[in-house]
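What TrEMBL records for B:546-657 is domain 'TMC'. Here TrEMBL flags B:822-846 as region 'Disordered'. Per TrEMBL, the feature transmembrane segment maps to B:272-293, B:351-369, B:444-467, B:479-498, B:519-538, B:558-580, B:587-609, B:615-638, B:659-683, B:720-744.
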Amino acid sequence: MGQVKSQFTEDELQDYEDLTYFTKKEILYAHKKFKNLAPEKVGHNKNAKLAMSKVLEYPELKANPFGDRICKVFSSSNDGDITFEDFLDMMSVFSDAAPKSVKAEHAFRIYDFDGDDMIGRNDLKQVIQRLVAYNSDLGHNDIDQLINNILEEADLDDDGALSFAEFEHIIDKSSDFINSFRIRL
Amino acid sequence: MTMVRHHTMLNGAAFHNVTSVADGRQIDQRGVTHGGQMKENCDEDKIEVLAHDTVQEMGDAKESERFSGSTYGEQPVGARVLDDRFQSIRWDNNRRPAGANVSFSQSFRRWSSNFGRSVKNNKRTVYNKTLRLMPSRIQKTFSIDRDLITTSVFDVDHITMELGQREQLMEDNPVAEQLRIEAIKSIAQKISTKRQIREHLAQTVHRRATTRAKSIGLLRRYRYSGRLYLTRAAKLAQRFVTNFELFYGSMKQIEGHFGSRISAYFKFLRRLLVLNFVLLLFIVSFVTFPQLLAGHDEAKQPQRNCHTQFHLSNLVSGEGYFTNSVMYYGSYSNRSFTLVPGAAEYSLPHAYFLTITVLVLATFVVISVSMGRSYRISFIESSAMVQNILTHKIVCSWDYGIANAKAAQLKHASILHELRAYLDDQQQVPPVANRWVRLRSTALHALAHLTVLAMISITAATLWALLARFDETEHFSSWSALYVVLISNGTVLAFGYACQLLSRLERYRQVATQLNINLLRHFLLQATIVGVLLAFWLTREHPTGCWETAIGQQLYRLLVIDFLISTLLLTSLRAVRYVLHTRYGTIGPFTLLTLPPFCIETHSLRLVYNQTLLWFGVLFAPLLVPVVALKFLIVFYVNKFELIYLCQPPVRLWRSSQMQTLLLVLVFMSLFGVLLTHGYIIMQMPVSTECGPFRGTQYMYQLFMQGILKLREEHLFWRIFVYVTKPAIIGGVLLTMGVAAYYLRAKSRAQIAKVRLLKELLSMEGKDKEFLLANLSKLTRSKDCPDEQLKRIDLMGAGGRMKGELSDRCYIDPCVTWRYEESPSKKRSPPQPPPSGAPSEVGCSGYQRFEDDEQLRLRKI
């Protein structure tokens with residue numbers, strides 16, 4: 001894992017260890033992974049900012065229909081570009097050690113496309129479309145019906161959107177969420 | 001520069017007033033906590049005291065001298081902190097809607113409601129529940145007087161302040177520091193923000209520590225250092241464990257290719273493997289190693305010495321060289337000896353007995369506990385959410401671990417399929433509950449079950465007959481294991497096909513039911529096979545020699561041949577099939593040779609079967625453990641290879657957590673059976689007189705009873721033991737457990753009913769709210785309202801909810817601000833509805849939001 005001479009000082013590692021759910025070794029490993037995305041750039045400057053398209057080459061993000069959303073949520077410049085700290089943050093949230101609550105919070109942000117702090121009909125529509133890879137087999141009427149059913153199930157206060165509390169309520173009861181919302185480093 | 005302006009506009013009175021307008025909840029809180037101050041019951045609930053502290057800091061603007069010591073940037077922290085409040089003040093003073101302000105007040109409300117919640121909950125959840133719900137989700141940039149300010153600065157201050165109000169976190173000692181780190185970790189923020197927060201907190205702590213400097217007592221210092229070492233040790237252990245996660249790379253590969261549901265099987269396999277390694281460690285160090293040190297008994301019957309030449313066939317048969325090795329029960333000595341001269345004696349029989357019984361019992365306990373936990377998590381806790389199935393399908397369906405385009409496609413397809421099935425199910429008119437239809441389907445199911453039972457009993461009878469037949473001739477009796485394994489493997493295969501056929505006939509509505517029933521049937525079959533074998537071995541006559549060793553050898557042969565057949569042979573068959581498929585897949589008859597699906601049920605059941613045999617056999621052959629461990633290790637890699645190259649990933653799957661639970665239940669059941677059998681053997685089976693550690697006693701347990709405890713019949717402990725093991729007592733205990741289970745079940749049902757009621761209540765309240773808002777808007781319309789505002793109220797009253805476009809419109813429209821300032825007289829009248837659209841909307845949606853939280857909390861109780 002850390003056989004190459006480290007780009008980090010002990011203090012920096014300790015700092016990251018305190019702020020994320022990773023151990024020092026895992027942090028170094030994460031950096032290695034990050035470096036693999038753009039070896040020359042990151043080798044030059046360990047905190048280099050990588051463009052979203054570059055980050056989306058990370059296998060798990062590439063396969064994920066919400067890859068760009070994940071980048072945007074974790075990007076500190078809010079445009080999808082990712083620095084190493086953002087990457088570390090991302091991996092920490094997706095790691096096994098992160099508690100359900102932290103994961104739920106980030107999942108909510110990922111699914112909240114328009115950023116209005118509620119998962120509304122449009123957000124749900126996008127989520128469903130992305131989940132089925134924009135397959136035309138699921139028409140607009142079908143999606144509308146799905147959304148109606150979802151809101152009927154989960155929208156407890158009938159305001160036409162899922163608030164964080166409602167979302168968390170769903171997540172809280174789900175035993176699978178923590179298994180599925182996870183990326184191995 | 002805007003900040004400075006805010007600062008100058010600030011005064012204490014306005015602060016008080018506006019906070020109360022902005023957040024009526026805050027007033028309540030204050031009232032409550034002042035009441036709480038009278039009691040001052042710090043030990044019982046520290047949160048209450050904290051709340052009091054909060055109020056003091058917030059309400060008393062003059063107390064900002066606490067903050068004035070340090071600086072943040074160029075401004076005093078106090079000013080900055082109050083600036084946060086000031087966002088809401090401005091919002092009210094100027095009647096100026098802005099997106100970020102909206103979310104600020106929401107998040108503040110969210111925080112305060114959580115704060116209220118935290119008073120009731122216990123201490124630990126305070127950190128979990130409150131910190132992450134703070135204004136963490138405000139990511140937008142917003143403008144104040146056309147200046148763009150990112151919210152992160154604002155967030156940092158806000159969160160720092162909230163954290164600073166928790167006395168437990170802010171103490172200047174290592175424990176609090178640890179807590180602080182944990183708290184900061186759990187904030188859903190970026191690393192840079194977290195770092196800033198940490199620095200601020202450290203500054204605050206340092207400052208407070210210097211102002212309230214007092215020396216720490218010796219005892220307390222010891223306590224701190226003790227806890228510090230403890231957490232450090234825990235961290236170290238955690239690091240150690242994460243470094244040694246078995247098969248990390250393989251697991252990642254499997255998860256990346258096939259998702260978490262299939263990796264559940266491999267996790268199960270890994271779990272069993274680890275368990276076996278632990279068993280191995282104990283058995284080798286307590287039983288085998290001392291025996292090797294002590295050496296063979298000279299008194300042992302020498303007639304078998306001719307077999308001690310090692311031969312390759314011994315590896316399969318487990319005889320010859322192995323017969324007198326430490327592999328089996330027979331070669332263990334019944335002596336006590338001193339390993340180190342001068343030290344106490346080491347009694348091998350006791351070691352043998354204790355190690356194995358304790359290990360099996362401990363495994364049983366571990367498995368029961370983990371089964372209980374898993375069951376609770378995946379069935380009980382999620383049972384109240386049966387109505388949320390669709391939402392689960394949407395929200396939790398994507399497996400974030402998938403890292404492979406093909407797997408992603410497969411996942412998309414399976415999600416589409418599921419949604420389609422759901423929709424079809426919805427659109428289909430539910431069939432009229434025809435009595436005949438129902439009767440027919442019930443009859444069909446019953447028939448299928450009966451057929452399966454009949455098949456199983458026929459298998460059992462045949463097996464018994466064959467065993468009895470084999471037993472007559474010498475050749476067959478030593479190789480009967482081969483035939484038994486062949487028969488059982490063949491039966492399982494044929495049975496699998498038969499079950500598939502049956503399940504196609506049965507047509508269960510739910511896929512999960514079908515899978516479960518299939519799994520149960522397979523398990524029943526395997527349990528029957530194992531049961532017949534054990535029953536046969538235990539009941540037959542043992543004229544001479546070591547029947548324990550003989551059973552151990554049989555088990556060894558079973559395990560090895562099962563490995564050869566079901567793992568190596570079947571896999572190579574699949575490989576051949578794969579080669580044929582890829583080479584000649586397009587030609588004539590070979591088109592039928594599609595890749596077989598990777599059948600998780602059979603694979604996991606095979607594991608359970610092997611593990612059952614091992615648990616049973618460990619009493620007769622302690623070194624079966626390394627054999628099985630090695631076998632599982634190879635099976636892991638073979639299965640991985642098979643899954644990735646030779647098979648199709650299965651289409652129908654359980655939910656991964658449920659599957660884990662099911663497998664654990666099966667393991668539990670088989671282990672329970674093994675325990676009963678062991679109990680029977682220990683208590684009722686006379687041991688063989690010529691070999692083994694227990695020769696000289698009649699039953700195994702006698703050694704334990706007389707030798708270890710030195711108990712006599714009249715001893716009190718003995719009497720208690722006898723009393724406790726009386727059937728009436730055991731029956732009573734079982735009965736109590738049953739009653740308890742019934743009670744818990746009833747309770748959980750009641751809770752489900754309660755949840756339903758509360759949900760109804762909630763929607764009713766929503767309707768009430770809409771009605772009230774409509775009335776209010778009518779009222780305001782009748783008063784002196786400008787036309788435009790009236791329109792806005794109309795919009796909002798009709799919906800009674802927050803609409804994104806609307807607030808955006810107000811936000812963009814610059815004249816809105818201007819209009820608010822024009823009519824300042826109305827703004828300080830909280831009971832009246834705010835006369836313009838946007839702010840009232842904020843209030844309403846915020847209020848509504850809080851209600852939700854309250855209700856949700858009720859639901860959770």
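Quick reminder: no glycine exception, Cβ is built from N, Cα and C everywhere.
With a cut-off of 8 Å between Cβ atoms, the residues of this chain six or more beyond the transmembrane segment (B:558-580) that come close are 315-316, 318, 481-482, 484-486, 489, 533, 590, 593, 595-596, 606, 609-610, 613-614, 617, 624, 627-628, 631, 634-635, 638, 641-642, 645-647.
When Cβ distances are compared across the two stretches, the transmembrane segment (B:272-293) makes no contact with the transmembrane segment (B:720-744), since fewer than 3 pairs at least 6 residues apart fall below 8 angstroms.
Averaged across the domain 'TMC' (B:546-657), pLDDT for the predicted model comes to 82.
Between the transmembrane segment (B:659-683) and the stretches B:351-369, B:444-467, B:615-638, B:720-744, Cβ pairs under 8 Å are most numerous for B:351-369.
Counting residues 6+ beyond its ends, the transmembrane segment (B:519-538) has Cβ neighbours under 8 Å at 452, 456-457, 459-460, 463-464, 467-468, 484, 488, 491-492, 495-496, 499, 550-551, 554, 558, 601-602, 605, 608-609, 612-613, 616, 662, 666, 669-670, 673, 677, 680-681, 685 in the same chain.
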